[in-house]
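Let me begin by presenting the structure, written as structure tokens, before commenting on it.
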Amino acid sequence: MADDPQEVAEHERIFKRFDANGDGKISSSELGETLKTLGSVTPEEIQRMMAEIDTDGDGFISFEEFTVFARANRGLVKDVAKIF
């Protein structure tokens, strides 16, 4: 199935919002800082999210990992997109 260009663009936009330093990957600190703008988040919640999304275990969320997560959690991503 071909990727929907509009969906890919939305994922890129959200990913870039989390990737504060623009290095092409999201660190746990970048994830935490961005999530804090959405409300209260604990270090444990950040670690759980990292563990779920960072499937290769390198300590960072790549765009590919983010896209897989976004496709599996479309409702959540739509809510985040509205805020950003």
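The backbone N, Cα and C atoms fix where each Cβ goes, and this holds for glycine too.
Just one of Glu64, Glu65 is listed by Swiss-Prot for the same Ca(2+) 2 site as Asp54, Asp56, Asp58, and that one is Glu65. For the recorded site, Asp54 (Ca(2+) 2 binding site), the DSSP three-state label reads coil. According to DSSP, Glu30 (Ca(2+) 1 binding site) is assigned to a helical segment. Closest in space to Asp19 (Ca(2+) 1 binding site), of the binding-site residues given as Asp56, Asp58, Glu65, is Glu65, taking the CA atom of each residue. Here Asp58 (Ca(2+) 2 binding site) is compared against the binding-site residues Asn21, Asp23, Lys25, Glu30, and the shortest C-alpha distance is to Lys25.
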